[in-house]
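Straight from TrEMBL, the features:
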type	residues	note
DOMAIN	8-156	domain 'Phosphomannose isomerase type I catalytic'
BINDING	Q115, H117, E142, H280	Zn(2+) binding site
DOMAIN	178-261	domain 'Phosphomannose isomerase type I helical insertion'
ACT_SITE	R299	active site
DOMAIN	338-382	domain 'Phosphomannose isomerase type I C-terminal'
Amino acid sequence: MEAPLRPLRLRCSVQNYDWGRRGEDSTVARLFERNSGAQIDPSRPYAEFWMGTHESGPSFAGSDSEEVTLKKWIRENPGALGDKVVAKWGTDLPFLFKLVPSVLILSVASALSIQAHPDKELARMLHRMRPNVYKDPNHKPEMAIALTEFKALCGFVSMEELKDVLIGVPEIAKLVGNDETNKIICMRELNGYVNAKAVIQSVFTKLMSANKDAILALVSKLKNRLEAENKIRRLSEREQLALLLEKQYHADVGVLAAFFLNYVKLSPGEALYIGPNEPHAYISGECIECMAASDNVVRAGLTPKYIDVPTLCSMLTYKQAFPQILRGIQLNPFITRYTPPFDEFEVDCCILPSKESVVFSPIPGPSIFIIVTGEGRLQTGSTDEERVMEGDVYFVPAHNEIHLSAATDKPIHLYRSGVNSRIFG
């Protein structure tokens, strides 16, 4: 058997979306500076650090004089992906790896938009119809692993919670209409709510499709009412969130839509995965994110970007369930693995104390490693050791065994993304 191709040190890309933290306050900016040598612009927001082959944010390998995109290098060296990966996805990396920094409301950053990612069939159609907006024909299931306390909206609330919303938020009840509101409130659970999907779809679509003047008036009433009630009672977490979103986006329909979605709070080390056609919005915190290799997003609120309400409302599953929280499976004292129900990716978290060592066993598929903090030495097989430090990113071809050791007083916090192990049998 031929020796595996050696790992490549990567220079990665950054996205300067408006919601990112500015300058040196951004974790992404710090990692990007150390990874690329580029100087941080203190006036620019640094939102996402991308590692992979997607054309909207490519990674590069090689020296300055002979630098090539990782995408091109893989096409010229398909053995780096392993036979099963090439057979299933061709000669491209099937996942995209990101680091997403704090998205703190009322800070220099802001909440991410209410959005969903299309399934493969819809992605192909949207890309064909609007290639300038939907830039590739792939689906985009994703997983976020919390680095800090992390808050998000994800999936629709239960029918009982929807009733509570219509009773407790008169501004939404007014928009839905008295007859429809009373009909929903009076519904009884008989072997499950038979028409639950149709009900939530009808109400949510009515909200998202309302004209701007109506939304402006209702959000203003909601704000005034909650501010007055806050003087005589403690507001619920969701009511407090509505006020924060209103300060940021004012008369945006997303302020009201937030009442329809589950409010999820992750502790560091917990993860959330999101399938195609599921509504979600990241509110605050830092996370590592991995997804299928796509940048397709259908948005409907809490964003200055292109909004496509008809597509979003027609594509959603309207499944009413609290999302599953992953806590990972410990492979050894230092490595925890997060495995979502998607073939394209899985993520390992490695927290390596000072002076300790660990081995990543060879796998028949590609990986990307990022050093988030710390310093140490990395070795593959019989090759010489390399010094690694914060901001270093490596593409590791299939069948490589990785030896990692942490320096004195510099423990390593590392993440590895790779194809989901289940496809290898």
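Using the three backbone atoms N, Cα and C, a Cβ is placed for every residue, glycine included.
Segment contact is absent for the domain 'Phosphomannose isomerase type I helical insertion' (178-261) and the domain 'Phosphomannose isomerase type I C-terminal' (338-382), given fewer than three CB pairs below 8 angstroms at sequence separation of 6 or more. One way to see the shell of the Zn(2+) site is to take the Cβ centroid of Q115, H117, E142, H280; the remaining same-chain residues with a Cβ within 8 Å of it are A116, K140, I274, E278, P279, V297. The Cβ of H280 (Zn(2+) binding site) has 22 neighbouring Cβ atoms from other residues within 10 Å, across all protein chains displayed.
The Cβ of R299 has fewer other Cβ atoms within 10 Å than any other of the recorded positions H117, R299. Counted within 10 Å of its Cβ, the other Cβ atoms near Q115 (Zn(2+) binding site) come to 24, all protein chains included. If you draw a 10 Å sphere around the CB of E142 (Zn(2+) binding site), it holds 25 other CB atoms from the protein chains shown. With DSSP classes pooled into helix, strand and coil, the tally for the domain 'Phosphomannose isomerase type I helical insertion' (178-261) is 59 helix, 1 strand, 24 coil. When DSSP labels each residue, the domain 'Phosphomannose isomerase type I C-terminal' (338-382) comes out as 0 helix, 25 strand, 20 coil, counted as helix, strand and coil in that order. Calculated from their C-alpha atoms, the gap between H280 (Zn(2+) binding site) and R299 (active site) amounts to 10 Å. R299 (active site) and H117 (Zn(2+) binding site) are 9 Å apart (CA-CA, integer value).
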